[in-house]
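K.L.:
Input: one structure, supplied below.
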Amino acid sequence: MSAFENFGVRQDVTDVTRLECGICWTVYDPADGDDVAQIAPGTPFAALPEEWHCPNCDAPKSKFMAIES
């Protein structure tokens, strides 16, 4: 078994999971949404449009990691 097995595979990401940008550490919290991109509160990360990016550093969605509450 490699230390990198399943690296980058998102598991256990629910509609309320908070995710953090791996570049600038900005947190996307579904409860808050994203005022900059006009994303309504209550919008889960999976429902964000593909073109959505970090409001702080412009990193793509793929750079976000699930964090524990």
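Cβ from N, Cα, C; glycine included.
The following feature annotations were taken from Swiss-Prot:
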type: DOMAIN; residues: 16-67; note: domain 'Rubredoxin-like'
type: BINDING; residues: Cys21, Cys24, Cys54, Cys57; note: Fe cation binding site
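Locate each feature and note its surroundings.
P.N.:
Mean pLDDT of the predicted structure over the domain 'Rubredoxin-like' (16-67): 96.
For Cys24 (Fe cation binding site), the Cβ neighbour count at a 10 Å cut-off comes to 13, with all displayed protein chains included.
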K.L.:
So how many other Cβ atoms are close to Cys21 (Fe cation binding site), meaning within 10 Å of its Cβ?
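P.N.:
Excluding its own Cβ, the number within 10 Å is 21.
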K.L.:
Among the binding-site residues Cys54, Cys57, which residue has the fewest other Cβ atoms within 10 Å of its own Cβ?
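P.N.:
With the binding-site residues Cys54, Cys57, fewest surrounding Cβ atoms within 10 Å: Cys57.
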K.L.:
Where does Cys21 (Fe cation binding site) sit in DSSP terms: helix, strand, or coil?
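P.N.:
Its secondary structure by DSSP: strand.
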